[in-house]
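Shown next, in C-alpha cells, is the structure this report addresses.
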Amino acid sequence: MDLIAGLLQTSILAGGVLALAALGEVLAERVGVVNLGVEGLMALGAITGIATVVAVPSPTLGFLLALLVGLLFGMIFATATVHVRANQILCGLALTLIGTGLAATIGKAYSGMPAPATFAPIAIPILSDIPLVGRALFTQNILVYLIYIVLPFALHHLMFRTRHGLDLRAVGENPAAADAAGIPVQKIRFWYVSAGAALAAGSGAYLTLAFVPSWSEGVVAGRGWIAVSLVIFAGYRPLNAVLAALLFGLITSLGFVGQARNWPIAAPFLSMLPYLGTIALIIVPVLAWHKVRRLMAAPAALGEPYYRDVR
Amino acid sequence: MIDLRNLSRRGFLNMGAAAGASLLLPKSGLVTPARAQTPLAAVAEEDAVIAFGHTGPVTDEGWTWSHDQGMKAVQAAFPKLKTLFVESIPYSADATRTFRQFISEGANMVFATSNYGDFLYDVAKRSPDVAFFECDGRSPLDNLGTYYVAHWYPSYVTGVAAGLMSKSGKLGYVASFPVPSVYSGTNAFLMGARSVNPNATLQTIVINSWFDPQAATQAGTALIDNGADLLFGIMDEAGYLQVAEQRGAKAVMWNTDIRRYGPKAYVSSIIVDFKEFYVNQVRQRLEGKWVPSGNILPMTGGVDRDAWGESVPEEVRKQADAARDKILGGWSPFAGEIKDAKGAVRVAAGQTMTEEELYNWDWSIEGVSGL
C-alpha cells in the first residue's frame, strides 16, 4: 500500500512542473500563438527562484519574482509575435536559446547550491489522515494545491464559462471575426501570451523551490518541450493538461519504483519510460481522439499572425 | 578505463573495450610507475604555468570544488606560479581543444580532474615536455600519470555505522552508472554493514547521471518508500540527503561536508582531498624530479570519512572508528570468502583483494541488488 501512496506522492510532485508549464502554454495557444520558448522561460524562472531565496529566504517572493521575469520575457516575445508579427516558431526557439543561455550564465554562481528556503509541505488536517491516498494528496506544498486545484479550475471556468473566455477562444479560432465583433484581438493575444510565459517561468521556480531544491545547468532537462506536447495531447484544455501532466509524472516515477522493487525489467528500459511516454502522447491523440477531433482540435488560427488590413 | 564522476556515452561504450584491454594487460601501470625514465626538466616558479581541466563547475560543492581547493593549495604553496583552469569541459573534441589551449598558453603541467581518455592523450603525445595527470585514468604515457582515491575503505567504515543505525537492515543506494566506482562503493558499504548486521541488504537505483537532482530526489524517495531507512550514493549534490531529512531516514554522502542540507539525516560523507597530492606533484615538476606515476590516494591521504553527523550515537562512532583504525593498521576487510550476487565464490577464503582488483571491481557481492 505504501507503494501506491509513494508513487502518487512523487507523481504529483514531478507532474507539477509539467502541469504549470502546460497551463501557460494552453493560455498562449488558445489565443492563437505557439510559444516554443517554454524551455527557456522555465530555465529563467528556475534561476530567478534560486537567486531570490539565496538573497531573501522567502520562497513565495522567489516564485512571484519568477512570474514577473516570465511576464517580462513573455511581453518581449508577444511584442515580436503579436505586434511585429514575426514568425512564432523562430521567435519561440530564440526565446528558448536566450532563456537557457542567460540562465546558465547567471546560474554559474548558484550552481549546485541547494536552496536555503523552499516550499514546505502543508498537511491538511483530517484529509491528510485518509489511508492510502491521504498523505500523497493532502500533504503537499502550497504550489501543488495551486497548480492542481486552483489554477486549472479557475482557467477552465474563465475559458468555458465566461463571456471573456468566449472572446479569447474566438481570437484563437477566427481573429478576423473576433475583430469584426469588436474584440480587441491584439490586446488579448498580447496579454494572454505574456501571462502564459509567466506561468512557464513559474514552473521553473516550482522546480527549484519545491521539487529539486537546487539549480544546475540543464535542470529543466527538456521538460519545457514535454509540456508543449502535453498541450496537444490534452486538447488545449486546462483540466486535461493537468491530468496529462499527472499521468506523465506517474510514468516517470514508475521507472524509479520499478528499480527499487527489483522488477524484472532492465534499468535502461525503466529509464526510457518518460521518452516512450512522450512518443505515446504524440500518437494517442491522432488515434484515440479521432472521434472527438473537433473537440480536441487546435485553435483554427494557431500560429497565424493577424493582419487587420489583409483579412 | 572508467571515469568516476562523469561518464560520457562514448566513455561508457568504450568501457567494454577497455575492460577487455585490461584483461590482456593485467598490470596496466595502475599502481606502479608508468615507465622508468628521466624526469622532465626543472621549471622556475615564476615561469611555471599549471592548468586544471574540470568536468563540472568549481561551485558544485562536490567533486570539482574539491579539485579547485587543491588548485588553491598549489597557489598558496607556490605564489609566483600561474594557474589556469577551465570548468565543465564536455567529453568531446572540445576537450582536446581546451587542453591544446592550455599548452599554447604555456602550461608546464596539466591536471585533468576526470577521465578524458583519448581527448587528453592526443594532446599529451604532442607535448612530450609537459607533465599530464588524468584522474581515474588507466592508460599511462611517458608524460602522463594517473591518480584516484581508495574510497572503498571509508565506504566500508561508514557501512559499519550504517549497519548499526539501520533499523530495517535495508539500505538504499543512488547509483550513477554500473561502473567500478559504484560497484566498489556498494560492495564495500554493504560489507561494512554486514560485519555488524549479517542480514543487511542493499538496493540500488541507477539514474544514469552523476548530477541530476530531479532523478536523485525521485530515486531516494522510491528507495525509502520501499523500506530503506539509510541511503548512500555517489552524487555531486544533496538531493537524496534532503529526501532523507524530510522522511526521517539517514544518509551517507560523497565529496564534501554538506550536512547543513540535512543535519538530522547526515551520517557522514566520503570526503576527498587532493591538496597534498597536487602540491607534491607540482613541487616535483618545478624541481625537475617529476616522472609519471600511478597513484591511489589512501585513506587519510586524500580520502576519508567526514566527522560524524549529530545523530550518530557514541557507540556507533566507536565501533565504526575501530574498523577504521584496523584498516589504517594494515587490515583489509576485502578478504575471502566473498560471494557475488549469484552466490558464486569470487574471492576464496584466505585470499585478499588487491588494490587493483578493488579499483576495477565490476561485480556485485551477495545482498546487493539492482546493479
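Each Cβ is built from the backbone N, Cα and C atoms, and glycine gets one as well.
Just so you know, TrEMBL annotations are computer predictions that nobody has curated.
Pulled from TrEMBL:
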TRANSMEM  A:38-56  transmembrane segment
TRANSMEM  A:63-80  transmembrane segment
TRANSMEM  A:86-106  transmembrane segment
TRANSMEM  A:142-160  transmembrane segment
TRANSMEM  A:190-212  transmembrane segment
TRANSMEM  A:218-236  transmembrane segment
TRANSMEM  A:241-259  transmembrane segment
TRANSMEM  A:265-289  transmembrane segment
Intrachain neighbours beyond the transmembrane segment (A:265-289), with Cβ under 8 angstroms and 6 or more residues off its ends: 226, 229-230, 232-233, 235, 244, 247-248, 251-252, 254-256, 258-259, 295-296
The transmembrane segment (A:241-259) touching the transmembrane segment (A:38-56) per 3+ Cβ pairs under 8 Å rule: no
For the transmembrane segment (A:190-212): best-contacting stretch of A:63-80, A:86-106, A:218-236, by Cβ pairs under 8 Å: A:63-80
